[in-house]
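What TrEMBL records for this protein:
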- 398-410: compositional bias 'Basic and acidic residues' (COMPBIAS)
- 418-430: compositional bias 'Polar residues' (COMPBIAS)
- 4-68: domain 'DUF1899' (DOMAIN)
- 366-430: region 'Disordered' (REGION)
- 77-119: repeat 'WD' (REPEAT)
- 127-169: repeat 'WD' (REPEAT)
Amino acid sequence: MSRSIVRQSKFRHVFGQAVKAEQGYDDIRVSKVTWDSSFCAVNPKFLAVIVESSGGGAFLVLPLSKTGRVDKNYPLVVGHSGPVLDIDWCPHDDNVLASCSEDCTAMVWQIPDKALTRPLSDPIVVLEGHSKRVGIVSWHPTARNILLTAGSDNLIIIWNVGTGEPLISMDDHPDLIYSISWNRNGSLFCTTCKDRRLRVCDPRKREVVAERLAPHEGIRPMRAIFTREGNIFTTGFTRMSQRELGLWDPTNFEEPIALLELDTSNGVLLPYYDADASMVYLCGKGDSSIRYFEVTEEPPYVHYLNTFSSKEPQRGMGFMPKRGVDVSKCEIARLFKLHDKKCEPITMTVPRKSDLFQDDLYPDTAGPEPAMEPEEWLDGRDEDPILTSMRGGYVPPKSREIKVAKKNVLDSRPTARRSMSTVETNNLSQ
């Protein structure tokens, strides 16, 4: 029995460590909205956290270097008229962020490089197409300016934020959508829904290409993410309300590749996936621990590695893209744990004696350059992410250049206003 557990893996001894108190972010009033999103988004430049605010929805955006206590008068991003439910940084421009809200809109923001000096209330684009609250925003992994939104009207809309127009609308879901995840090249996405079905959708064909009823038998919310190989990793609950994780092949949904029971806690498990290391970090709402697993091609396919535990439960979690980790310290992941009043970075490190760059830990990773334009993706083209080497080491965020300044969200062509969307033109000339 022990032989199957003790296996060769460079990630077997990964350990998590919270940073020192002064390197965290204190006095943040984290949102108390009852919505199962992560409430936090992070990239190599900024930390964004959805916060409590009176009279509308707001979130806080801090440069990563601005650690310590946050001034209670620090300016917020305040464009939404209802509570903000989800935020997501653009993978192709570290200064662009999408948000969605109970006010039935999604918005796209340009965040200045320096810390905000006054509240930001003018989004670049307001996306109006949903009739009920919008709970999910997700950028396309490889195509510029493509953003997906999902609302409580059970509608999925894919937008070109450069023009502010809706490109694709899908109404295949009869009930509330819990989660959405793009595959690696953005040709498909998978969804979990309150009707207990896991679906794989082809947005350009506007159809569901595969589905599975009750990958987890419990009725509580599920989550699903695509792995690099094209399988789907799910978290859910058994009929007896035990938490469970699964790995599925979407071309054959009959039997799971792996199914593993975890515990009897009742928080929804949010999975965060590292495609380069093929590792999944599971963070439960209300848990005080982060479990991590390695997904491999040999049985039992999903290998438990370890658990990072702390005393305080988490309200949400942010996951740093791989290009933001510190390669000089063999850091392979960084998670940002939200407490009630603070955000605490947690580093995941592989113990190594050498200070040299570790090639085996850092294969080329997805860089900030988009692989194609929105029109090319819409016409049926698929491209994997453009990779960048990690060998250059970690560059502190404050001195990091925006590599997509040649052409980004702001280089949009002026278009006629659509009834479904509004384009704010006052920031388009930057």
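The first residue you see is number 1, and the count goes up from there.
Glycine is treated like the rest: Cβ placed from N, Cα and C.
Within its own chain, the repeat 'WD' (77-119) has Cβ neighbours under 8 Å at 31, 33, 35, 37-38, 40-46, 48, 50, 53, 56-63, 66, 125-128, 130-139, 141, 144, 147, 149, 151, 159, 161, 321, 366, 368-370, 400, 402, 404, 408-410, 427, 430, counting only residues six or more beyond its boundaries.
Residues of the domain 'DUF1899' (4-68) grouped by DSSP class, helix first, strand second and coil last, total 5 helix, 24 strand, 36 coil.
Mean pLDDT for the repeat 'WD' (77-119) in the predicted structure: 95. Here the repeat 'WD' (77-119) has, by DSSP, the following mix of helix, strand and coil residues: 0 helix, 22 strand, 21 coil. Residues in the repeat 'WD' (127-169) partition by DSSP class (helix H, G, I; strand E, B; coil) as 0 helix, 25 strand, 18 coil.
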